[in-house]
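One structure is given below, encoded as structure tokens.
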Amino acid sequence: MSRNGMDSEKVRAALRVYFIAGSQDCLQNPVDVLKQALAGGITMFQFREKGKAARTGEQKLELAKELQALCQSYGVPFIVNDDLELALALDADGVHVGQEDELASVVRERMGPDKILGVSAHTAQEARQAMADGADYIGVGPIFPTQSKADAKEVKGPEGIIEFRQSGIQLPIVGIGGITLDNAHLVMQAGADGVSVISAITHATSIEESAKRFSHITSGNGIL
Ligand code: 3NM
């Protein structure tokens, strides 16, 4: 019996350019930011409204609805970070949880088998547990130093992904943390299926161009 929400080849494809953002990450209206990122070819989006400047309550809900509708117009999965109730209320495509958030097994149970479940894993043991809990993919990070997460763990380098693969983890993996147009190829070469990116897209001079270039790099068409 497969408890996973999507077949793993579809998940791998969706992870390629996995854009994450909340209003706290954006230098302009998050709706405009996402529009440009979608035009540039992002393959999945995670709504991560977190931290001091984050919206809450009705404002968060309204923003989520707008962003979800945009994703739907591009056929791009809309994932909610660490807010199962919001994901259920919106019938989002999935949820991403960290080790300190709601238990992955509980999220899988409540979302049902057809949704995408992502889990942040820092050790092979956490990755195995995530798989047992029904995760469709794991996020591994921080690969490089990041300014976007105050409580990020120790930097792993691309070697962190190589180690996961060497220990037999075959689940789709997305690298996260400090990934830029200059280092994304290293993450892919290490065995990741894709890159999760906040600031290299939200803070780019041209958001659309940045997303386009990530798409090239991760499809193997990048100039290394
Ligand atoms: N999680 P940027 S690092 C949300 O290590 C997040 O699990 C991380 O942002 C982890 O692309 C991170 O701007 C922030 O570095 C990624």
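Positions of Cβ are set from backbone N, Cα and C atoms, glycine also.
These come from TrEMBL:
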DOMAIN    17-201  domain 'Thiamine phosphate synthase/TenI'
BINDING   Q46, F47, R48, E49, K50, N81, S120, K149  4-amino-2-methyl-5-(diphosphooxymethyl)pyrimidine binding site
BINDING   D82, D101  Mg(2+) binding site
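Within the set Q46, F47, R48, E49, K50, N81, S120, K149 that the record links to 4-amino-2-methyl-5-(diphosphooxymethyl)pyrimidine, no two Cα atoms are more than 17 Å apart, and one pair reaches that distance. Among the binding-site residues listed (K50, N81, S120, K149), S120, K149 have a CB atom closer than 6 Å to some atom of ligand 1, in sequence order. Taking only the Cα positions, the spacing between D101 (Mg(2+) binding site) and E49 (4-amino-2-methyl-5-(diphosphooxymethyl)pyrimidine binding site) is 14 angstrom. Sequence-distant neighbours of K149 (4-amino-2-methyl-5-(diphosphooxymethyl)pyrimidine binding site) (same chain, 6+ apart, CB under 8 A from its CB) are P142, G177. Sequence-distant neighbours of E49 (4-amino-2-methyl-5-(diphosphooxymethyl)pyrimidine binding site): residues of the same chain at least 6 apart with a C-beta under 8 Å from its C-beta are G22, S23, Q24, R55, T56, K60, L63, A64, N81, D83. Geometry remark: R48 (4-amino-2-methyl-5-(diphosphooxymethyl)pyrimidine binding site) versus D82 (Mg(2+) binding site), CA distance 8 Å.
Among the listed binding-site residues, namely R48, K50, the Cβ with the most fellow Cβ atoms inside 10 Å is that of R48. Long-range Cβ proximity for Q46 (4-amino-2-methyl-5-(diphosphooxymethyl)pyrimidine binding site), meaning a same-chain Cβ under 8 A and a gap of 6 or more residues, is found for Y18, F19, I20, A21, I79, V80, N81, H96, G118, S196. In sequence order, A21, G22, L63, A64, L67, Q68, F78, I79, V80, N81, A92 constitute the residues six or more apart from F47 (4-amino-2-methyl-5-(diphosphooxymethyl)pyrimidine binding site) in its chain with CB-CB distances below 8 Å.
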